[in-house]
Amino acid sequence: MADAVFPTQATAQTRYISLFGTRTRFVIMVLILLCLTSIWSNILAFNFAVICMDDDDSEVETSLNGTRKTHFTSTQNSLAMSIVAIAALLGNFPIVQLVGMVGIRTVFAGLGILSAVSTLLIPLSIRMGFYYFLAVRFLQGIAFAANFPVIGSFCAKWSYFKQNGLFVSSLVAYVQLSPAITMPASGALCSAFKWPSIFYAHGAVSLLLFVTYALFYRNSPQKHPFVGNVELKKISIGKIATVDKRALKKVPYGPILRTPAIWAVWVAAIGNFTCVNMMFLFSPVYLSKVLGFPVHSTGITAAIPPFLQFMSKLFCGAVSDRLTCLPEIIKFRIFNSIAFIGSGAFLTVLAFMGDEHKDYNMIVLGCAAAMLGATTGGFFKAGPVLSKQYSHFVTGNISLGITITMLIVPFFVNALTHNNTQEEWKYVFLITASVMFICNIFFFIFVKGEACEWTSDSFHRASSVADLERNSVRNPTISTVSRNVEDVPEKL
């Protein structure tokens, strides 16, 4: 009776563990996926809100010659997207450092709440003036810089090594899940209410998710009350165990940056996100302005390609884990080539199609998006496999791919599509396909299939001895201690 009212610590822990059994890591993975999705959705909401604004007669003025004035010019639209990329670039390295120092619980929760609040402020900032709006978008970009470092850190600490592909594929799929949710939701909100409701809804959901995350997440499985010994032992398999925390926090930047295989991952990220940003930032524009889909159905239609890619990512991530008969390097090359060459081929076909049969254009665009989902067995999985405990840095810098292309893609798309005709979009599709082909060649040549040398225990021991020797020059006492340590028998 007493245990029921005032349970002991052991009784309480048993109850916690029994709640999710040995599947707590999956519950946390889903929570983090939703949080990642929310941050990206907060950014993408603007792309549909612009269409909603321009379609609202009460919000749009008419010029002297009878043409409709839009809320944002083409240049302002590009700046609104690029300012997010600039902020994410500026925030990338400091946030990677913070994640390495204090973990993702505090960092991600704080930045997620920042994203939620800044999204809620967007309608007010738009009415105050364009530069106020850019300032709020800048805050959204700072928050977005945390996404890939969070994926790297979580997978390195929480994933069972046989499920690494599943975890990576599930979390990076936020890039597709966001537009798949945001586009139809924004369309419904636009029809039922007006464009400010899009931002209020996204901000409110984001705030709820990150408060839940802050309360539930722990930086280590060992510290989580819902994780039992069985699940903890499974997660610990393959994890580095003999290097202390200070050594793990000392990221070997030099060796990492001198590793061609790591650059292969980062270059592949450039190719992937050139296509992703072209598709998901501009698919509402292409569908409504080029193919002529009405605004109320554009949201649902625009959600089809990212949804197909989301399902493809989950499928390919699971398949890559089960193909144990193939070496990792072969799997990386096969999956990445299927994604890049397949998607590029469909974009090339789309480039030479007319706009008379818009349903066929949609099918080809959807196929291009679905093929790109195979990247979860390619460069996305290669990052954590190659970098292990330093995945927060290597995978974190994959975010440079999405931010750099987010900075470039809006300008080259807007520069080529002044009139939004199929002929103009042909060059957008061909350039995107070419970038993907080139990046895949680089990845195919330089990627490796095993963890890099600088992730091993021996590397850290050698590095620690080298540090002691360097310090002994300045402090002879350290030299004496170092010699005494080396004299201790190996078996101790």
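Glycine is no exception: its Cβ is also placed from the backbone N, Cα and C atoms.
Through the fold, the transmembrane segment (26-51) approaches residues 20, 70-72, 77, 80-81, 84, 108, 111-112, 115-116, 118-119, 122, 137, 140-141, 143-144, 146-147, 150-151, 154, 158, 167, 170-171, 173-175, 177-179, 181-183, 186-187, 190, 195, 198-199, 202-203, 205-206, 209-210, 212-213, 216-217, 224, 226, 280-282, 284-285, 288, 295, 298-299, 302 of its own chain, all at least 6 residues removed from its boundaries and within a Cβ separation under 8 Å. Annotated transmembrane segment per TrEMBL: 26-51 (among others), in sequence order.
Here TrEMBL flags 33-451 as domain 'Major facilitator superfamily (MFS) profile'.
Marked as transmembrane segment by TrEMBL: 79-99 (among others). Counting residues 6+ beyond its ends, the transmembrane segment (79-99) has Cβ neighbours under 8 Å at 43, 46-47, 72, 107, 111, 133-134, 137-142, 144-146, 149-150, 153, 281, 392-393, 396-397, 399-400, 402-404, 406-407, 410-411 in the same chain.
Residues 35, 38-39, 42, 45-46, 95, 98-99, 133, 136-137, 139-140, 142-146, 150, 195-196, 199-200, 202-204, 206-207, 209-211, 213-214, 217 of the same chain sit 6 or more residues outside the transmembrane segment (106-124) yet have a Cβ under 8 Å from a Cβ within it. Taken from TrEMBL, the feature transmembrane segment covers 106-124 (among others).
For 130-154 (among others), the entry in TrEMBL reads transmembrane segment. Packing against the transmembrane segment (130-154) from elsewhere in the chain are residues 28-29, 32, 36, 39-40, 42-43, 46, 72, 76, 79-80, 83-92, 95-96, 99, 103-104, 107-108, 111-112, 114-115, 117-119, 121-122, 167-168, 171-172, 174, 383-384, 387, 391-399, 402-403: each is 6 or more residues past its ends and has a CB under 8 Å from a CB in it.
Same-chain residues lying 6 or more positions outside the transmembrane segment (166-185) and placing a CB less than 8 Å from one of its CB atoms are 29, 32-33, 36-38, 40-41, 44-45, 48, 147, 151, 154-155, 158-159, 201-202, 276, 280, 283-284, 298-300, 302-303, 306-307, 309-310, 313-314, 316-318, 320-321, 369, 373, 375-377, 380-381, 383-384, 402. What TrEMBL lists as transmembrane segment is 166-185 (among others).
Among the features that TrEMBL reports, transmembrane segment is placed at 197-216 (among others). Beyond its flanks by at least six residues, the transmembrane segment (197-216) meets 28, 31-32, 34-35, 38-39, 41-42, 45, 48-49, 52, 105, 108-109, 112-113, 115-117, 119-120, 122-123, 182, 185-186, 189-190 of its own chain at Cβ-Cβ distances under 8 Å.
If one looks beyond the transmembrane segment (263-287) by at least 6 residues along the same chain, the residues whose Cβ comes under 8 Å of a Cβ in the stretch are 44, 47-48, 51, 81, 175-176, 178-179, 183, 293, 298-299, 301-302, 305-306, 336, 339-340, 343-344, 347, 362, 365, 368-369, 372, 375, 378-379, 382-383, 386, 394, 397-398, 400-402, 404-406, 408-410, 413, 417, 420, 425, 428, 432, 435-436, 438-440, 442-443, 445-447. According to TrEMBL, the feature transmembrane segment maps to 263-287 (among others).
Look at TrEMBL and you will find 293-311 (among others) tagged as transmembrane segment.
Taken from TrEMBL, the feature transmembrane segment applies to 332-354 (among others). Distant neighbours of the transmembrane segment (332-354): 268, 271-272, 275, 316, 320, 326, 360-361, 364-365, 367-369, 371-379, 381-382, 422, 425-427, 429-430, 432-434, 436-437, 439-440, 443-444, 447, 449; these residues of the same chain sit at least 6 beyond its ends, with a Cβ under 8 Å from one of its Cβ atoms.
Per TrEMBL, the feature transmembrane segment maps to 360-380 (among others).
Sequence annotations record features per position, and here TrEMBL assigns transmembrane segment to 392-413 (among others). Proximity of distant same-chain residues to the transmembrane segment (392-413), defined by a Cβ-Cβ separation under 8 Å and at least 6 residues beyond the stretch ends, is recorded for 77-78, 81-82, 84-86, 88-89, 92, 95-96, 99-100, 104, 141, 144-145, 147-149, 151-153, 155-156, 175, 251, 253, 256, 262, 265-266, 268-270, 272-274, 276-278, 281-282, 379-380, 383-384, 386, 428, 431.
According to TrEMBL, the feature transmembrane segment maps to 425-447 (among others).
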